[in-house]
Amino acid sequence: MADERNGRGDDNGKLLYCSFCGKSQHEVRKLIAGPSVFICDECVDLCNDIIREEIQENAPEEASDRLPTPAEIRETLNEYVIGQDRAKVVLSVAVYNHYKRLRYGEGKSDVELGKSNILLIGPTGSGKTLLAETLARMLNVPFTIADATTLTEAGYVGEDVENIIQKLLQKCDYDVEKAQRGIVYIDEIDKISRKSDNPSITRDVSGEGVQQALLKLIEGTVASVPPQGGRKHPQQEFLQVDTGNILFICGGAFAGLDKVIQERSERSSIGFSATVKSQDDSKSTGDIIREVETEDLVKFGLIPEFVGRLPVVATLTELDEEALVQILTEPKNALTKQYQKLFDMEGVELDFREDALRAVARKAMERKTGARGLRSIMEATLLDTMYQIPSEHDVSKVVIDESVIKGDSEPFKIYASSDHAKAVPED
């Protein structure tokens, strides 16, 4: 039976100490006695924290035993990403097959399943990065983003491709096993395209050279990565990370790819068999991009071997006004919900009128920044109000309409007391 002692010695008046940390009974609040052993309240709390951390670490592994189906993956993507239905289907199937391959590979089989890395093609702000982030969060796997424009061949100024794996390791506290099941998103992949179709005598260290360096990493190799500290401690042994099970998702805007596809289409339909097209038959950029083929990507500047390592291609379309309005209001972490939460913390209700949301969407379309530009527009609109509200304790509601977004008027404030009441525009 455990005995609690609070500031008292034993029956003989002898001073008691915690058997774990060595503190005396006068230095702690409680000292619990067992058979010839004592533990203080601080050590009990520490033990509880250790057990709690271990339970939390093991919980994701237990929860991830069941692999979500492609339909379930798409459903989760729908909660955070608006539109891009075709890309979601392609991604859901590719990710499901990838992680099914990892589980299938754990058993013995004569059939070896190849890895299907993914290429996302779509304009800025269409949701490429968000799709990759959402997938990693849903599957509870380490995730990192790399910028292809900062990469160079080994030996040149810039980041080596191995730095990508080091970033992934940092995300999971250098747990190699976890990192080997992670997801890497390489952004701006179109910026490392070959400068020309013709071989050059000068080295292209940030273009074709990087593609060559990425080849083995994406396909699957054992990368040697310096542990924590990197070059500061060259005597440390390098960590060996097998990239064969890491899912690589590459994304880029590929500006001008539509023209490459059109040229190829026109070449294939020259002569008497060619169909005469009117101006009404002209396709949108999104429709043209959907017809992308391997030869178009090679013509654009990606080397054939690199394209071959990215067999799954998903195209994203430019977001229209309706989609941008949905992005502002519908996802779980929609921008309007975020700002409403911030105002709610001050005890103020924030109301966005429909015409205001459409004005924000139109402004983002004019800037050609897609969904990425929505936050900067909202921030600029609400900045002064967010500065004033904490000092104005009588405000109960703030209303934003189209005139506020255009900069023609200030946000409308409704005060709790009638002395400060101000007219609010009708819907």
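Glycine is treated like the rest: Cβ placed from N, Cα and C.
Note that the structure is a prediction, hence the values are computed from the model and not measured.
Features as listed in Swiss-Prot:
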- CYS18, CYS21, CYS40, CYS43: Zn(2+) binding site (BINDING)
- PRO123, THR124, GLY125, SER126, GLY127, LYS128, THR129, LEU130: ATP binding site (BINDING)
- 6-59: domain 'ClpX-type ZB' (DOMAIN)
Cβ-Cβ neighbours of PRO123 (ATP binding site) (radius 10 Å): 20
Look at each of the binding-site residues, CYS21, LEU130, and point out the one with the fewest other Cβ atoms around it within 10 Å. CYS21
Measuring Cα to Cα, how far is CYS43 (Zn(2+) binding site) from GLY125 (ATP binding site) in Å? 51
Sort GLY125 (ATP binding site) into helix, strand or coil using the DSSP assignment. coil
Taking the Cα atoms as reference points, how far is CYS21 (Zn(2+) binding site) from PRO123 (ATP binding site) in Å? 59
Neighbour-count leader, CB within 10 A, binding-site residues: CYS40, CYS43, THR124, GLY125, SER126: SER126
In the three-state DSSP scheme, LEU130 (ATP binding site) belongs to helix
Site of maximum Cβ density within 10 Å, from binding-site residues CYS18, LYS128: LYS128
Averaging the per-residue pLDDT over the domain 'ClpX-type ZB' (6-59), what integer do you get? 81
Least surrounded, by Cβ count within 10 Å, of the binding-site residues GLY127, THR129 is THR129
